[in-house]
Amino acid sequence: MNTVRVTFLLVFVLAVSLGQADEDGNRMEMRQEIEKTEADSSYFAENLLLQKLEELEAKLWEETSEESRNSRQKRCAAEGIPCDPNPVKDLPCCSGLACLKPTLHGIWYKHHYCYTQ
């Protein structure tokens, strides 16, 4: 009878100690799952933020490209290139240049050229 009690007590103590170990293991597993879930949610939040920033950047680049496309200078004649004082037929001089008659006489006296102002 004593051996039965001792055996029962031994089995009871082992069951309680192993049960607590499993409970501690479950707690650790839960902590790991929570940390993993938090890491995943922060990863998804970062991806969402990245997508929003990329969309915003794309919109900004579109606006700047439209502005530069509309404001760019059309074809023009560079310095020292023959031009027409009334730029209907020929290209106008580029910005910062004026279509002037050369000061020296020579074979080109009938033409105007683009010079700096």
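Going from the start of the chain as shown, residues are counted 1 onward.
Quick reminder: no glycine exception, Cβ is built from N, Cα and C everywhere.
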Cysteine paired with C94, where Swiss-Prot records a disulfide bond, from C76, C114: C76
C-beta crowding around C114 (disulfide bond), within 10 angstroms: 21
Densest Cβ neighbourhood among C76, C93 (disulfide-bonded residues), 10 Å radius: C93
C-beta crowding around C83 (disulfide bond), within 10 angstroms: 23
